[in-house]
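Reviewing the structure listed below.
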Amino acid sequence: MFSRKKRELMKTPSISKKNRAGSPNPQSSSGELPRKDWTEAPGLEPPATSLSTVAKGTGTLKRPTSLSRHASAAGFPLSGTATWTLVRGYRSPLSAASPAELPTEGAFPDGVEDISTLLADVARFAEGLEKLKECVLQDDLLEARRPLAHECLGEALRVMRQVISRYPLLNTVETLTAAGTLIAKVKAFHYECNNESDKREFEKALETIAVSFSCTVSEFLLGEVDSSTLLAVPPGDPSQSMENLYGAGTEGPPHNVEECEEGCLPPEEVDMLLQRCEGGVDAALQYAKDMARYMKDLISYLEKRTTLEMEFAKGLQKVVHNCRQSVTHEPHMPLLSIYSLALEQDLEFGHGMVQAAGTLQTQTFMQPLTLRRLEHERRRKEIKESWHRAQRKLQEAEANLRKAKQGYKQRCEDHDKARLQVAKAEEEQQGTGPGAGTAASKALDKRRRLEEEAKNKAEEAMATYRTCVADAKTQKQELEDTKVTALRQIQEVIRQSDQTIKSATISYYQLMHMQTAPLPVNFQMLCESSKLYDPGQQYASHVRQLQRGEEPDVRYDFEPYVSNNSWSPIMRTRKGSFNPGDASGPEAAGSPPEEGGTSEAAPNKDHRGGRGHQVHKSWPISISDTEVGLDTSSGDLKKFDRTSSSGTMSSSEELGDQEAGLVASAFDSADLNGMDPELPVAMPSGPFRHVGLSKAARTHRLRKLRTPAKCRECNSYVYFQGAECEECCLACHKKCLETLAIQCGHKKLQGRLQLFGQDFSQAALSTPDGVPFIVKKCVCEIERRALHTKGIYRVNGVKTRVEKLCQAFENGKELVELSQASPHDISNVLKLYLRQLPEPLISFRFYHELVGLAKDSLKAEAEAKAASRGRQGGSESEAATLAMVGRLRELMQDLPAENRATLLYLLKHLRRIVEMEQDNKMTPGNLGIVFGPTLLRPRPTDATVSLSSLVDYPHQARVIETLIVHYGLVFEEEPEEAPGSQEGASTQCGQLESAEGIVFPLQEEAEDGSRESHAASNDSDSELEDASDPLSSSDASALHRLSFLEQTEAGLEEGPQSHSGSEEQLEGEDGAPGPWLCHFNTNQSNNTSRAPLPTMRLRGGQITGGTSQERQPQFV
């Protein structure tokens, strides 16, 4: 049965993939559904499987609303969601509403065992169908066949349901439509008599489900499952069937269906009617136009309705989140479980509605209908244009025909006149005498010539007229052909749009029904559950769970007065104050160890905690000249003079806060009993101690702002709730203290600096080495914590944060704190600074020569690749690269000193970025693309973006890539500086020669991935430490070694902020002690310049240098 050809299936009404192409959610059409709603057979009972269990396996599938109730009775999972019950097992059916979100578990067979299991299930299903066929078609036991057939049908469908629940991708439209048809045929079969038509229809339905299921399994095993055939999520009504789409359950088909079929004309008759009537094409085009407007109105209506529903769902979710905690806070409240479940249901309903709105917008309604409308309009305009073109051709032919007809008549009249004149001339010649014959003959000849010309013109006009008549007939026929074609195309477009509207409408109302169908059930369930509650039940439960002892029996007796003279309240209290068990307050905290006892450590610790909380309160204002402190050695209180602050006098409240901070620090520094405190760090004091301060804000001594000033963080004026630093006079909003990025410089902060867009030569004057502070600051922070960040310099930062960081640099200069900023924001600031320079780092005058070098290099590389294709070797490409590197070295030497120093500093940093290429994914090529237009750009012109600059982007990137890769060759004579050193500290790392001229081999790759430089910055408390890597030799080519020249530097670990000559000893190549580092150092007293390194040369793939005798100290 499963081996028959699928073409036999074409005899039965089915859904082809071609018809489903225009539908976003293909549904079964009316021609494929059974037309009768027969009564249920008593022998087909629903299985014991609960709906929630069924939904657990197929909760993410979509199914049509038309699945038969008998499929449900046979075990088909009809609902994508569990029925609302008292257990909270409801899940939103839209959790996987699209085929792309189907569950991965069980989607495809994992191995041979799963395929074997699937094939075994298919065999069981085939056996069930064979049994069903034998049971239905047997000739004996006519009346007893009905319950037996229903039992066989249920068994076969249960097997099918198990397969579909295990492999959800088998749940297709064709399979379940065929199942519904088979169920209808089994119900409608007349078992009392052998009707041949019933047998043929039953066999056809059986063949249909067999072929459909086998084809679906085959496509599933081959991985060719069409996602468009997956079913939509059905409503949760298990009684819904395919027959219910036609109305109530009557014995025959409803009358409205028959009337609809009688009134519906075939497409050919519709076209014939429009062809025969006048203006048929125009009427069809107008209908198509109205239909496009109708689709637009539908989309607008559904969009507004969906927006309202989404707002309602979000508002409902917000109400549930706000009220759930307060409602469920107290246990044992009446009907608490009911309202808890109602809250859960409302939350799930809100989630479902939000997801349903998203599905409507992107999958099922708005997007498909919008695309269909656009396509509908495009096709309508094309058909309209072709129809109007054919009409214009016919009109032109008719106009030509009228002109030709008029000309033909005129020529014929002229010919008749000419003939009459000739006849008249002949008569006159015959009536005259022989003496006048010469003049008459001449006139006669002339009139004959005119008559001949008129005749020729009449014949030409007749020919033209006949041609125009033929052309008009041709154009008329072409217009008729165009009319037929246009009507057929218009009807096709309209039917496609109808199908899209139908599918979208079915999907929409199915989705809405699925969302709203559980609501009445939920409310009814909550109502019935509420009826079961007995008043006072929860109160009794609450009282029963109280863990209280029995109330003691209290007796009231008279006690006579007894006098005791030795008793004294004062002595009693004073004695109790030294009791270590009852000690509390300052007396207990200040008691000496011998009185308080050392065994009571835990109580004393508790009392210290209470005391520590109290000392943060402001002291009384009456204490003006002295402050109360603690002597950490004896625990006694003493008085000391208050030190005056460097700023203006603070208010009394600030004085109290400062005194409280001092006492708190005294209490925190040592315990009263001589023990270490628990919390060594004191709480922040002052008027802003309760505000979350940033790292930079904690470096300021803040007080309340007295006069209006401009906030250095947000660049707006501060009038109220402002803070001011006593030392640097920085003003800031109270709320801006949480994000303040400017540290305290312990001197008055200067005014705002125009940093971005400033001339580079002016910016470089502020630093001794010519590298602007913003470049050092950003590079140091990136190397400290962002060398491994993926996409550094390629990923842009957040625009608002970048603007605030730029503003902080202009306000605070080198005092900006970057430890809390995003690495991408910092890199964006650096790129923005370099990009906004009036003249780029590589001057304008080098642009054309550098671009020419890049062009020549790319051309030589392409020629070398073409020449070396099919053979080994790349010497020509290496030679071209070496030539370009040599020319780059010469050009870079002509750069201004500050530009060269900054470029050298930046390229060293980019080399460290490249060393971490495996982590940050930033190759030299990527960095060249990022920094090419930034460091190298042409002189600006009147045009916004010139075409040449766009063409030169690859060449700019090539130049920067070459500078990064061959950095060691281009800048081989440059000394190595530690990034971030702003005082010119002599941290010369990477010397390649020893005192006796020892040759160090080149290093191919860093062993531990990267080598970060040391930073001793006077404007930031962050330091970068050198990671020393041992030198290693390799056998690679000389060019590749030279491209990693800077990796050959020996790691010399130097203490931070070293201001004296180092006495460390270098290690030689073979592990033996090398020369002392002091031989390479210059005099450090008042020395702010560096001695240049000796010249390095390439000999046999190794770097050699001069001896230490060639190096002389330089004094400044």
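Glycine residues also receive a Cβ, built from the backbone N, Cα and C atoms like all the rest.
In Swiss-Prot, the entry for phosphoserine among S650, S986, S1017, S1089 corresponds to S1017.
In Swiss-Prot, the feature phosphoserine is assigned, of S16, S197, S981, S1022, to S1022; the remaining candidates carry no such note in the record. Comparing S618, S694, S819 with the features listed in Swiss-Prot, the residue bearing the annotation phosphoserine is S618.
When secondary structure is read from DSSP and collapsed to three states, R794 (site 'Arginine finger') falls in the coil class. Over all protein chains present, the Cβ of R794 (site 'Arginine finger') has 15 other Cβ atoms lying within 10 Å. For the zinc finger (699-744), DSSP puts the residue distribution at 5 helix, 15 strand, 26 coil.
Averaged across the coiled coil (375-498), the predicted model reaches a pLDDT of 89.
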